[in-house]
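According to TrEMBL:
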type	residues	note
DOMAIN	A:28-180	domain 'Sodium/calcium exchanger membrane region'
DOMAIN	A:209-347	domain 'Sodium/calcium exchanger membrane region'
TRANSMEM	A:30-48	transmembrane segment
TRANSMEM	A:60-81	transmembrane segment
TRANSMEM	A:93-114	transmembrane segment
TRANSMEM	A:126-147	transmembrane segment
TRANSMEM	A:159-178	transmembrane segment
TRANSMEM	A:210-231	transmembrane segment
TRANSMEM	A:243-265	transmembrane segment
TRANSMEM	A:277-300	transmembrane segment
TRANSMEM	A:306-327	transmembrane segment
TRANSMEM	A:334-353	transmembrane segment
Amino acid sequence: MKKHLSTILLAIFFVFSAIAHYAHLNPILQFVVSAIAVVLVAGFLGRATESVAHYAGQRLGGFLNATFGNAAELIIAIMLLREGLYDMVKASLTGSIIGNLLLVLGLSIFAGGVKHKIQNFNVALANMNGSLMIVAVIALFVPALFLNTHSITPTEVDTLSLIVAGLLIAAYVAWLIFSMITHKKYLEDVKDPKAPEDHEEPKWSKNKSILFLVIATVMTAFVSEWLVGTLETFTTDFGFSELFVGAFVVAIIGNAAEHSAAIMLAMKNKIGASVEIAVGSSLQIALFVAPVLIFVSFFLGNTMDIVFTTLELVAIMVSVFIAKSIIQDGSTNWYEGLLLLVTYIILGVSFYLV
Amino acid sequence: MKKHLSTILLAIFFVFSAIAHYAHLNPILQFVVSAIAVVLVAGFLGRATESVAHYAGQRLGGFLNATFGNAAELIIAIMLLREGLYDMVKASLTGSIIGNLLLVLGLSIFAGGVKHKIQNFNVALANMNGSLMIVAVIALFVPALFLNTHSITPTEVDTLSLIVAGLLIAAYVAWLIFSMITHKKYLEDVKDPKAPEDHEEPKWSKNKSILFLVIATVMTAFVSEWLVGTLETFTTDFGFSELFVGAFVVAIIGNAAEHSAAIMLAMKNKIGASVEIAVGSSLQIALFVAPVLIFVSFFLGNTMDIVFTTLELVAIMVSVFIAKSIIQDGSTNWYEGLLLLVTYIILGVSFYLV
Amino acid sequence: MKKHLSTILLAIFFVFSAIAHYAHLNPILQFVVSAIAVVLVAGFLGRATESVAHYAGQRLGGFLNATFGNAAELIIAIMLLREGLYDMVKASLTGSIIGNLLLVLGLSIFAGGVKHKIQNFNVALANMNGSLMIVAVIALFVPALFLNTHSITPTEVDTLSLIVAGLLIAAYVAWLIFSMITHKKYLEDVKDPKAPEDHEEPKWSKNKSILFLVIATVMTAFVSEWLVGTLETFTTDFGFSELFVGAFVVAIIGNAAEHSAAIMLAMKNKIGASVEIAVGSSLQIALFVAPVLIFVSFFLGNTMDIVFTTLELVAIMVSVFIAKSIIQDGSTNWYEGLLLLVTYIILGVSFYLV
C-alpha cells in the first residue's frame, strides 16, 4: 500500500512538473513541483541502485552503492554545467558538503542523542573519515591559494585542476579498495549493520531492478533539467546570489533522500550508519563528484577549474573541522548535534547576506 | 586571621584607589592601586557568588557560578564600552580568551605537571570543550571573513553581529542545560569534585552572602571605572597600542582571581578542575560575555559589531588549536604546560611590536 | 664486505665530485655526482654520530643523536646562507619539514601497512609530537602574519625573528629534557626498541668513532658546498624556481639517509621508530635547525628573518594537519600512508607550477 502510494506520488509529480515546464507556468510553481519531483525521483533512483547492488554481490554492490549514491547530485550538476552556470555548480558542491557534514549529521546526532543520551560507533572509521576529509580540503585549498598569490596562466590552472582531480579520483578508488576489500572488517560498526534493514530483501527481481535503474536515471535527468531551468528566477527576480541558491536551495533538494535516511537510522540507535551516510556523502562529493565534473567539463570543451571562492573554501574547512572534532571520539550526544546545526545557521546567514 | 587580612587589604586598596582617582594623583600610581583593587574586589565577588550559589541549590547555583563567574570582566568591558573604547573591548575579550587558554592553563598544567608527573582528567569533558571552542572560533571568524571579502552595509554588519550573538547565547544556554542537567554525570571528573574544597562550607549566612554579592558588584563597578580611566596613559604616554593594553594588561588584571585558583587546584592534583576553570572561562567570554556586550551596545544606541581584527582572530584560533591539541587526550604533563606558555609569549611579543 | 663496499663507494664519489667541481665539468654531471656524494657522506656522518653517541652513554648519547641527526641539512643550509641564497634556505627548510612529514612518513606507513595490515605505536608520543608540531607552526606563522598586516621596521623584524628563534631553541632543549630525562619511559614504544638493531654493537672503537665524526663533518661541508654550487643551473638554465629547487631537490637529497632508515624500520613492523625518525626530523628542523640558522646569519652580519612565504607556511601547515590527524590514534594502515603521499604530490605539483 505504502509502496503504491509513493509510486503514484512519483508519477503525479513527474507529470505535473513536465507540464509546468513545457507550458511555462508560473516559475515559483515550476520550482516547487520540480523540487518535489527531484526529491521523489532521487529516492526512487536510490532504491533502484540498492536493488541492483544487491544482485551484483557484496563487493561490486558496495561499489555501485557508493558510486551511484550521489547520482542525482551528479546529474543536477551536469545540467548546471551545460547551462554554463559554473559558479552555481561549485556552490552546489559546497552546499552538498556542508549540508551533509552540518545539517544531515547535525540533525541525526541531535535526534539520536535526544532519544538515546550517548551513542557510540567505530572510532577507526571516524578517524579514517577525518583524515580523508582533511585531504579533500587540502586538495581544494592549495590550488586556490596558489592561484590567488601567483600569476598563473589559464592553461596552467586547467592543468593543475585536472591533475588534482585525477589524484582525488585515485584516492577515492583506493578508499573503495581499502574500505571494501582490504580493511572491511576493521571499519565495521561494533553492533549494527551499516545499512537500513530493507537492504535485506530486495523488492524487485534482477531484471526489474536494472530496468528501474535505467528509468530512474532518465527521469532524474529530466526533472533535474526542469529544476535547473527555474533557478534563474531566484537570482534575477528575488536577488539571491548564485552562491546562496547553489549552496542552500539546490544542495538541500539534491540531498533530501540522504537526510531522511540518516535521521531515521540515528533514531533507531544506528548512529554509525548515519555518520557513514552523512560523512560518506560529503566525501563522495569532494573526492568523486567534483573531480568527475571537472573531467566532464574538459570533454565538453571548456574546463571548469577546481578553484572555489574564499567563502566556499572557508565554509568547507569550517565544516570539516567541527565535524572531525565531533566524530573523532566515536561518541555523540544531542549537544554535539546542536553545535553542528548552529554552525550551519551561521554559514547560512552569512551566505544569505553576501 | 587570613580572612580578616584579605578584608582589610580589600578595604585599604579600595579607599586608596578612590583617593588616587578623585585627587588625580600620578596616573601610574592610580593604575597600580586600582589594578590591585580590581584583583582583590574580583576575588571578593567570586567568593560572594560561590556563597550565594551554595544556598541556591545545585542547579541554580551552578548556573549562577557559571554565569557570574566572569562578572568582573563583564563590568570592566561595559565601562570600556561606555567610554567608546570598542577596540579595547575587543582586545580585552581576546586577551581574556588567550590568557585563560594559554597563561592560566599553561601555568596550571606546568605547575601540576612538575609536581605530579602525569595528570589525568575526564576525556569526555575535554572533547566537548574542544568542540565548543571550535564553534566559538567559527562564530567569530566567519562574519569577519565575509566582511573583509565583500561589500556589506554597516546595517547588515550590525544585523549579522546581533544574529551571531543571539546564536552564541543560545548555544551557551544549551550548554548549561547539557552540562548541568541532561549530562551532568557524564562530564564529571573521575575521582575529584570539580570545585575547590571551600565550596563545601560557606563562610557566610544566606542573607550576608546576598548582601556581599550586591556590595561586591557595586565595588567592582567603581574600581573598574577607575582602572579604565587610567588606561589612556598607556596608549598616549607610553605609545602602547590599544590592542596590547586590552589584550595583555586589562585581561591579566581581570582574570587574576581565576589564575590563582586554577594553579592551586592543579598543584593539589585536581587538574580537571583547573582545566574547567581555564577553558570554561574562555568559553564564557566567547559564548556569553562577548555576545552580551554586543546586545548592551545595541541598547546603548551604538551597536558594537562582532568583527575582530585579523590579529585578534589569529591569536584566538592559534590558542584554541594548541589548547585543544593538549587537552584532548585527557592527560597532561609539564612540557605541555610549557608549550602553552611559549605560545603565549610569542603572541605577547608580536602584539607588543605592532 | 658490505661495509667495505660502502666505504669504497663513498671514497669514489667524494673524489669524483671534487674533480667535477674543480675541473668545472658539465653542471648536470657535477650535480649528479655531488648529490650522490652528499647522500653517502650523510649516511657516514649518521653512523659516526651514532657510534660516538654509543660511547657517550645513554643521556649524552641521546642528545648527540638528536642534535647531530640533521647535521648534514644544517651544513648544506649554512653553505646556502654564505651564498646569500636566503630564499633557498627557507625553501629547503620547508622541504625538509614537508618531506619528512609527507614523503618519509607516507612511504613508511604505506610500505609497513601493505606488509602488516595495522601497525600500532605509543599514543602518548604521537600526542606530544602533534602538539609540538602545532607550536612550531604557530611560531613560524604568527610573525609572518604580523608582518604582512602591519608596517614593522626591518630592525623590528630581526628582533622578532631572534626572539622567536630563541624561544624555539628553548622549547627544543626542554623537549630533550622531557623526552630523555623526566618522561623517557612514558614515551617508549610498547614492544620495540626505537632504534635500528645495529645500534647495539658499534663497529668502531671510541677513538676511531670520534675521528670518523670529525672526518665525516669535514667531508659533508665540502660536498655540500660543491652541491650548492651546482643548484644555480636549475634556476637559471632550466627555469625552476628557487622555491621548487630548495623544497624538493635539496630537501630530498639532504634527507635521503633518514628516508631509507624509516622505511626499513616500518617494514620490520617498527612503525613507532619510523614515526619518530620522520616526525622527529621535521621537529628538529623547525625547532633547532631553522632557529640556529637565524642566529648564524645574525653573527655573519646579515640576519635572516623568520618570515616564510605564504606558500611555504601553507605547505607546512597542511603537512602538520594531515600528519597529526593520521598519527594521533597511534595506529596506521596503508591507506593513511597513501593520503600523505597524495598530499605530497599536490604540494609538489603546485610548487612546480609557481
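Any Cβ shown, glycine's included, is placed from N, Cα and C.
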May I ask you to check whether the transmembrane segment (A:30-48) and the transmembrane segment (A:159-178) make contact, with contact taken as at least three Cβ pairs under 8 Å and only pairs 6 or more apart in sequence counted?
no
Quick test of the contact rule: Cβ under 8 Å, at least six residues beyond the ends. What residues does that give for the transmembrane segment (A:126-147)?
101, 157, 160-161, 164, 167-168, 171, 175, 179, 187, 275, 279-280, 282-283, 286-287, 290, 305-308, 310, 313, 316-317, 320, 323-324, 327-330
May I ask for the residues of the chain that lie six or more residues beyond the transmembrane segment (A:159-178) and have a Cβ under 8 Å from a Cβ within it?
62-63, 66-67, 132, 135-136, 139, 142-143, 146, 152, 283-284, 286-288, 290-292, 294-295, 298, 303-307
Tally of DSSP helical, extended and coil residues in the domain 'Sodium/calcium exchanger membrane region' (A:209-347):
114 helix, 2 strand, 23 coil
